[in-house]
Amino acid sequence: MDDLKALIGKVATGATLTREEASCAFDSMMSGEATPSQMGGLLMALRVRGETVDEITGAVAAMRSKMLRVTAPADAVDVVGTGGDGSGSVNVSTCASFIVAGAGVPVAKHGNRALSSKSGAADCLAALGIKIDLTPEQVGRCVNEAGIGFMFAPSHHPAMKNVGPTRVELATRTIFNLLGPLSNPAGVTRQMVGVFSRQWVQPLAQVLKNLGSDSVWVVHGSDGLDEITLAGPTFVAALENGNIRSFEVTPEDAGLSRAHGDALKGGDAEANAASLRGVLEGRPGAFRDVALLNAAAALIVAGKAKTLKDGVAFGTTSLDSGAAMNKLKQLIAVSNG
């Protein structure tokens, strides 16, 4: 506790924490040792000053050390967004996950209920008939038998219950909004991560490199989407062979047409589930295109596709052959089994 007081004092002066200090501070919070006032003080001091790569790396390390782990294939990928982009869009990364799985790449998806929309990944999947409140062993069975599994964050991060009330009372974004997507319980090293602000694209790629990821795309759409957007360019930081490269991609790079964000407005969980099922059944339109675009990037991360156009071709086959829809049916069956 005295250590935590010293670290809060350090941050209060504007100084930054080392990776080890941040890990120690967040361990205190997640173990329930820190008081609500101490948690709130540290979280807001970090937020106002701006969190560093070392601080985020240390915080993620602390969170990962307490999570309930899932056993998944070494080549599994995660397609995940921070949420909180305020767009209220359809569940793009969730739909893309089924396309990726249908293309033969195992998916260990990590997610939660809605942040700023009416339907987060967990809400949408539950509305599709998938049982989301599973044990780590049951999720591992889904990934290994169905080729796709969903890890509901509260089930795998029980230590987060110690910081939950403080986060609710602060009612503003904190470092915890970044930690979830970086703390996949299956320990995947191939990740496609969407973030709510361009400022985090490069830093989060660096954090994932620090923590041992192999292949990563961190993305932010120029229209604010925490996915690759159809509306214009998307900012990307890609980790490949130990190097981070920053660039932009457009729908045209993937052979797709642009579409305004309004075409992707979502509704509640039932409406978003119906839209997702429609894409898997072959319905054309902006939702299909944006899901293909994001799946294409995930297939690059997985090492299956070389370019976005390649990835779209694999994704199109996954949809048109019925393979993606079959993955949904398999996940419903195995999760409820």
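Glycine too: its Cβ is placed from the backbone N, Cα and C atoms.
Copied over from Swiss-Prot, here are the features:
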- G81, N112: anthranilate 1 binding site (BINDING)
- G81, 84-85, S89, 91-94, 109-117, A121: 5-phospho-alpha-D-ribose 1-diphosphate binding site (BINDING)
- S93, E227: Mg(2+) 1 binding site (BINDING)
- R167: anthranilate 2 binding site (BINDING)
- D226, E227: Mg(2+) 2 binding site (BINDING)
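Distance from the CA of E227 (Mg(2+) 1 binding site) to the CA of R113 (5-phospho-alpha-D-ribose 1-diphosphate binding site) is 17 Å.
In the three-state DSSP scheme, S93 (5-phospho-alpha-D-ribose 1-diphosphate binding site) is classed as helix. When the C-alpha distances from S93 (5-phospho-alpha-D-ribose 1-diphosphate binding site) to the binding-site residues N112, R167, D226, E227 are tabulated, the minimum falls on E227. The number of other Cβ atoms within 10 Å of the Cβ belonging to S116 (5-phospho-alpha-D-ribose 1-diphosphate binding site), over all protein chains shown, comes to 14. Taking only the Cα positions, the spacing between H110 (5-phospho-alpha-D-ribose 1-diphosphate binding site) and E227 (Mg(2+) 1 binding site) is 15 angstrom. Nearest Cα neighbour of the residue listed as 'anthranilate 2 binding site' among the listed binding-site residues (G81, S89, D226, E227): G81. Of all the binding-site residues listed (H110, R113), R113 has the fewest other CB atoms within 10 A of its CB. A simple way to gauge crowding: the CB of R167 (anthranilate 2 binding site) has 17 other CB atoms within 10 angstroms, across all the protein chains here. Annotation: G81 are the binding-site residues among G81, N112, S116 whose CA atoms are within 10 angstroms of the CA of E227 (Mg(2+) 1 binding site). Closest to D226 (Mg(2+) 2 binding site) by Cα-Cα distance, out of the binding-site residues G81, S89, N112, is G81.
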